[in-house]
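K.L.:
Dropping a structure here in structure tokens format, bear with me for questions.
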Amino acid sequence: MKAKEIRALARENLKQIPKKIYMPMGLLLVVANIIPNVFDQATDSKSGVGANIIFFLLVIAAALLTANGYIFFDRWRNKIQKGGEEPNAWCGLTGQHLARLAVYGVIEALIIVSVTLAIVAVIVGLVISPVPVAVSIILLILLVVLLVWIELRLTYVVYVIDDDVRTGQKRSVWAEIGAGWKLTKGRVWKLLCLNLSFLGWYILTVFTLGILGIWLMPYYNLAIAETYEKSKEDKY
């Protein structure tokens, strides 16, 4: 399926969710992702350990609320297409979810931080080392591509975790990461194109000071959830 077909399905699903339900969740996701950035801009390196701890906690809260948003809209997609009860607004923050998401978050952070540090090292080396500029730039591009590729390969892990919680399946977080990783095999380019197709909307969201995000976040989450379902059925 092409990106426009996935987006069309997501829009149809969104129309079937009452605005009084999806708009508050969209607002929560927008605020959760804005607050850490605002706090970071309002503080500096002299703010002390306390400010760093607060920022760290805000980032964790934003990550958990974002994961909850993915799960919430995936369950709504499932309700619309297969029937069942309406999901609770905090369905992705149960004890079982939090335990697995915490472990996954640490693993993901270690991977992303490692690649990011490598990128920083290349940038610093570009400035102070005698290595040819062309070599450093090529290495930098490769590392950025690697970072994007890893993020895309991890797209479905949160959904796999939720599926395991719902079905009562007992397996390690590593196994869940592996299952999500396997589902994205051969689909990275499609996921990249889908994400890029939302770029214009994200730019407009910036110009509206985040207001458009109240609609965009649910729309985007439903689109990604749709690709997950289609990937499980091998139709994406």
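Glycine is no exception: its Cβ is also placed from the backbone N, Cα and C atoms.
Copying in the features that TrEMBL gives for the protein in this structure:
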- 21-39: transmembrane segment (TRANSMEM)
- 51-73: transmembrane segment (TRANSMEM)
- 101-128: transmembrane segment (TRANSMEM)
- 134-161: transmembrane segment (TRANSMEM)
- 191-216: transmembrane segment (TRANSMEM)
K.L.:
With pairs 6 or more apart in sequence, are the transmembrane segment (21-39) and the transmembrane segment (134-161) linked by at least 3 Cβ pairs under 8 Å?
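P.N.:
Answer no, regions not in contact.
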K.L.:
Would you kindly list the residues that approach the transmembrane segment (51-73) from elsewhere in its chain, counting only those six or more residues past its ends and only Cβ-Cβ distances under 8 Å?
P.N.:
22, 25, 28-29, 32-33, 35-36, 39-40, 43, 87, 89-93, 97-98, 101, 105, 158-159, 162, 217-218, 221-222, 224-225
K.L.:
Residues of the same chain, at least six outside the transmembrane segment (101-128), with any C-beta under 8 angstroms of its C-beta?
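P.N.:
Result: 60, 63-64, 67, 92, 136-137, 139-140, 143-144, 146-147, 150-151, 154, 157-158, 161, 173-174, 176-177.
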K.L.:
For the transmembrane segment (134-161), what are the same-chain contacts with Cβ under 8 Å, counting residues 6+ beyond its ends?
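P.N.:
Distal contacts: 67, 70-71, 74, 92, 97, 100-101, 104, 108, 111-112, 115-116, 118-119, 122-123, 125-126, 173, 176-177, 179-181, 183-184, 188, 191-192, 195, 224-225, 227-228, 231.
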